[in-house]
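Below is one structure; the comments refer to it alone.
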Amino acid sequence: MTGQTRGSARPNQWLRNLNAKIASIPMILTALVIFVGGTSWTVLYSFTNSKLLPRLSFVGLDQYVRLWAAPRWLISIENLAIYGFFSLIFSLVIGFVLAALMDQKIRFENTFRTIMLYPFALSFIVTGLVWQWLLNPQYGIQSIVRSLGWTNFNFDPLYNSDIVIYGILIAALWQGTGLVMCLMLAGLRGIDEDIWKAARVDGIPMWKTYVLVIIPMMRGVFITTLVIIASGIVKVYDLVVAQTSGGPGIASEVPAKYVYDYMFQAQNLGQGFAASTMMLVTVAIIIVPWAYLEFGGGRKRA
Amino acid sequence: MLKLVANNSIVSEYEAVPGRITSGPQGPKPRRILSRRNIVVYGTLIVVALYYLLPLYVMIMTSLKGMPEIRIGNIFAPPVEITFEPWVKAWAQACTGLNCDGLSRGFWNSVRITVPSVIISIAVASVNGYALANWRFKGADLFFAILIIGAFIPYQVMIYPIVIVLREMGIYGTLTGLIMVHTIFGMPILTLLFRNYFAGLPEELFKAARVDGAGFWTIYFKIMLPMSLPIFVVAMILQVTGIWNDFLFGVVFTRPEYYPMTVQLNNIVNSVQGVKEYNVNMAATLLTGLVPLTIYFISGRLFVRGIAAGAVKG
């Protein structure tokens with residue numbers, strides 16, 4: 001549509017579509033100054049020995065060597081991997097199954113949807129504190145089940161370093177699956193009724209229709225959802241701060257918290273920059289293939 | 001009702017035989033009420049709904065109890081004696097750091113942060129999305145791609161450079177600085193939403209307006225804006241909840257006297273000194289959640305509809 005909508009007789013390339021360009025200045029500035037500029041700056045300074053203030057005295061890969069020797073960083077990475085893997089799988093599966101259930105022309109659909117989506121409106125701090133309370137072994141779920149007779153029942157994920165990250169995962173899923181369900185439901189509603197009819201005429205079982213026909217048709221929705229979930233995973237910070245503050249010990253540390261603590265509390269900027277650069281690298285490994293497919297392949301878009 | 005059920009059971013069993021539907025009766029597929037399918041569907045949904053509701057229930061119950069009752073009872077039991085004292089204390093007396101004036105200060109800070117951030121970010125992003133959808137220029141897609149990829153970059157990578165920029169501008173630690181930060185980080189998702197929405201509007205409208213001689217701003221204000229209430233509502237809800245619920249930026253970019261409510265809440269609940277007052281903590285938690293929850297319950301329908309509009313065309 002670009003070709004026809006602008007006056008093609010204007011001589012100067014730069015003045016064409018001037019208003020659109022002016023309107024896009026905030027976007028261009030954000031993209032270049034903050035996203036590209038800020039990121040490059042941090043990467044550059046991650047090779048320095050900046051302590052309290054950023055200084056350009058390069059020390060090569062020293063910060064990275066120290067980073068990967070730090071037990072706290074290794075635990076953070078491991079936690080993020082576990083948390084990320086399970087929250088991706090669970091939110092997609094649970095979200096889709098719930099959406100499929102909601103799509104069965106059920107009654108009280110609005111009520112169910114409201115109930116499932118409301119946690120999404122709450123902050124991670126609120127979510128973390130509620131679940132900290134529910135998972136409190138002295139008052140919460142564990143004590144209830146024990147008082148019912150199972151006196152050996154143990155459910156104290158937030159106080160057990162081996163499983164603390166799953167305690168955080170429970171809260172995260174409670175907060176986020178509603179949104180995934182909603183997105184999936186919107187996707188399901190966007191699919192033509194005739195597809196279902198055709199599948200039924202051909203005698204294809206329902207689950208097979210979902211897996212072979214509907215899910216592939218919902219590619220766009222899945223991508224949007226993945227984008228939303230994945231970018232949330234890497235940034236996970238508030239939830240951990242509210243639920244465990246990284247404890248017990250350092251068992252529930254995550255990279256985002258490592259970065260914050262080194263930058264603003266331990267006054268060790270170089271370490272913080274190196275750690276955040278590693279987060280960036282992780283993200284890049286995941287999204288470069290996706291970005292290539294989405295933007296690089298010259299795919300025709302709406 | 002019963003008669004209907006009896007009649008329909010035959011039909012639905014008939015339909016269940018694959019391949020024979022074409023010769024069956026017309027119209028939507030009727031259903032029995034207590035079919036196995038219904039039990040599975042509603043059963044699952046009800047269990048799931050209970051799981052989602054449980055924390056809210058526990059929060060409310062806990063916040064209405066006195067401390068002695070909390071120590072002896074279980075968290076699911078409703079309060080024997082209802083007291084609103086925890087709420088009063090959370091709002092006006094709970095201590096964060098040096099101050100003991102409760103969450104009220106954080107509440108007003110959050111209001112002062114959220115209102116301008118939401119308005120500015122939506123205004124900027126909607127015009128942006130409109131330009132991207134209808135007035136493509138060379139290179140625009142590149143910037144847009146950078147912006148969207150930028151949404152994946154962990155905030156932590158960009159925080160320190162922003163601290164420096166804000167410090168240079170003399171607005172580090174102030175509300176203005178924080179408002180700017182929220183506007184910047186709202187840009188990717190909002191621009192994407194608006195671009196997708198505007199791209200989905202009928203192209204003929206735009207072309208007709210062009211033929212009539214309308215320009216960039218005229219089309220935006222006269223045609224696009226009036227047609228995009230749903231997406232504005234979505235953007236508003238996303239931003240209000242997102243900014244209200246923010247924690248990281250609040251901690252990094254403001255001084256304690258400007259801390260938003262979430263930061264104050266975390267300081268109250270996770271403070272190490274003194275006896276843990278679970279009832280006050282839960283009241284404080286509810287108070288912090290009240291604004292986004294209210295917005296969500298009021299506009300829930302529009303929210304869902306708008307999300308659908310924005311998300312399906314990825």
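Just so it is clear, glycine is given a Cβ too, placed from its N, Cα and C backbone atoms.
Unlike curated records, TrEMBL annotations are generated automatically.
TrEMBL lists B:39-60, B:113-133, B:142-163, B:169-194, B:215-238, B:280-298 with the feature transmembrane segment.
Within its own chain, the transmembrane segment (B:142-163) is flanked in space by residues 132, 172, 181, 184-185, 187-189, 191-192, 195, 248-249, 252-253, which lie at least six positions past its ends and keep a Cβ under 8 Å from the stretch. Counting Cβ pairs closer than 8 Å and at least 6 residues apart in sequence, the transmembrane segment (B:215-238) and the transmembrane segment (B:113-133) reach three or more and so form a contact. The transmembrane segment (B:280-298) makes no contact with the transmembrane segment (B:113-133), as judged by fewer than three Cβ pairs under 8 Å among residues 6 or more apart in sequence.
Same-chain residues lying 6 or more positions outside the transmembrane segment (B:113-133) and placing a CB less than 8 Å from one of its CB atoms are 140-141, 144, 175, 178-179, 182-183, 186-187, 190-199, 216, 220, 224, 228, 232, 235-236, 239-240, 243-244, 250, 260.
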